[in-house]
Amino acid sequence: MDNQTTQHEGSFAELRKALKEFSKQALSFQSKESSSEYEPQNVSNPKIQKLRLLIREKEKRHEELTKKFETLDKEAETLRRRLHEIQKEQLSKNKECYPRIATLEEKIAELSVVLGTFKIKQDKDRDTIDSLRAEIKRDRSLEMANKKPLDEPLEDFLISFYESRCSCSQHSISPSVKTETAEQDDDVHAECKPDYELIKKHLEEERERKCEEEEEDLIPETENHEQLTNFKRESECPDEKLNEDSKDHQLKLKVNEILMREMEKNFCNIVEEREEQFRERLQIMEMELEKQRLRSLEVLAEKDHEIEVMRSILRTLQSKELQPHYNKSVVNKDGNSSLGMKNPPAQPSSECSTLDHVGRLSNGKESSYPTLHCMEELARKEQELVILRKERKRLATYSRYMERDFAFRESHLKNTISDLQSKVKTLEEKLDQSSKIVNYEYFKNVFIQFIGAKKPCDRKHMVKVISIMLKCNEDETQMLNKMV
């Protein structure tokens, strides 16, 4: 927008210059036509006709340029209004950024909590998978140990026992005894048959029970296999989600870092401005207090001088009034006026004695108008002195209060600055931790993709990404490319 306005202003200046030149030429031609020297040659001269045509063309050009100039002025006004509106929008957006920053910080905290919970769940899933694998291995080892059948040795033992018994009965027996014992053997075989059938039944039952146990053992194996497949699918899906979340989280972290830097700059500027304002106010208050103190001292000095003058006047008046009274008293008592004149009584020099004497004079017959006037002036001046002293005390207390308030505000600002700096440090630490976590997850995914990649171009691309993440030098990257 600024470049467009500068271009329009430059075009306006050029058009103004051209308009001035055309107006000057038109005025010169009009003066020539109006002059009486060229009147008889207007008809016959073709030059004058050409000049008239040129003047008309230039007047038309001048009108067109004026119209263009008006349109350009309107466009410039619209552009200026647009600029003003854009500036207002930018200010409003800057004001709206502060709540957005707070919401982004809250979202960062929520995302960190979600990442922590997801990691905890992932660790739990891994632990369960490991435990299931250990159980499967243990079950397989138990199956391998229990694979030896127990039925065949029992059958062999029974058969060998039966044969040995039969052989024992056949050997060392004479033919005369065989005939006698044949009937007994038949009876023994008849008695042993039900026992043999019971043992067979028990063996068959044990076989059936073992088959059922093997089937029951196979059922949890299939269930464990299904659980493993489900866990693998779930672990693969969160990896993809983690990649997407890590990318979004990185972008949000970058935006938050930029916003935090802007906030720090704005806060530092605000603190500096506030400190300067408080210092200026303090200087102004100190100047005013010094001025008031000097004025009060001047007024006090003037009042003290006036009081001294009034006291001197009172003393002179009292001496004049008391001289004839003392003279009369001395003459009546001793009859010698010269002694009374030579040794007059000493007048009290203190303020209280003079005031008491003045009070007696004012109450008695010897009072006069000038003494009363002086007493009133003295009382009035003393009241003014008391008021001024009170005002001086009030100003001193006010100045102390202002200094204390300023010190309290300065300490409060320092505390707020330290708190904000600590918060900024904690946020930076959290950002560093979250960025490390995200970089670790991203590096893990890249490494898995590198292992799973089969094409050399994909491997080279993944090697570049890994070298950028590990901040390798050119020599190290070349070595990695050669290794690939």
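A Cβ is built for glycine as well, from the same backbone N, Cα and C atoms used for every other residue.
Since this is a predicted model, take the numbers as computed values, not measurements.
Predicted-model confidence for the coiled coil (48-96) is 78, expressed as mean pLDDT. Look at TrEMBL and you will find 48-96 (among others) tagged as coiled coil.
For 268-295 (among others), the entry in TrEMBL reads coiled coil.
Among the features that TrEMBL reports, coiled coil is placed at 410-437 (among others). If you look at the coiled coil (410-437), the same-chain residues 6 or more away from its ends with a CB under 8 A from one of its CBs are 105, 108, 111-112, 115, 249-250, 253, 256-257, 260, 264, 267, 271, 274-275, 278.
Here the domain 'GRIP' (433-483) has, by DSSP, the following mix of helix, strand and coil residues: 45 helix, 0 strand, 6 coil. Summarising the annotation, TrEMBL assigns domain 'GRIP' to 433-483.
TrEMBL lists 333-365 with the feature region 'Disordered'.
Beyond the coiled coil (268-295), the same-chain residues lying 6 or more positions past its ends with a Cβ under 8 Å from any Cβ of the stretch are 392, 395, 399, 402, 406, 409-410, 413, 417.
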